[in-house]
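As written in TrEMBL, here are the features:
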type	residues	note
COMPBIAS	1-10	compositional bias 'Polar residues'
REGION	1-76	region 'Disordered'
COMPBIAS	14-23	compositional bias 'Basic and acidic residues'
COMPBIAS	27-37	compositional bias 'Polar residues'
COMPBIAS	39-60	compositional bias 'Basic and acidic residues'
Amino acid sequence: MSSNDYNVYQGSDGKWRGKRQDASRASVVSETQQGAFEQTREYAKTHGSEVSIHRGDNGRIRAKHSYGNDPEKTKG
């Protein structure tokens with residue numbers, strides 16, 4: 001995961017946050033996971049990076065969305 005990648009997670013106060021991997025503070029704070037994801041997705045699209053969405057109950061990653069330049073299919 002690159003330092004430009006983002007995480008969407010639930011904070012201890014119950015609010016959802018979108019934060020760049022190497023940042024000390026959240027870029028986005030929202031009441032809902034969807035709201036935090038939509039705002040964070042715009043940052044990721046601008047930087048060609050990835051968003052990992054974490055579950056609220058246990059913090060595990062439940063989905064990843066990539067907005068970078070994915071390479072063409074390669075022969076296996």
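Keep in mind that glycine also has a Cβ here, set from the backbone N, Cα and C atoms.
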Summary of DSSP states over the compositional bias 'Basic and acidic residues' (39-60), given as helix, strand and coil counts: 9 helix, 5 strand, 8 coil
Contact set, same chain, for the compositional bias 'Polar residues' (27-37): CB under 8 Å, 6 or more residues outside the stretch: 6, 8, 10-11, 15-20, 43, 51, 53, 56
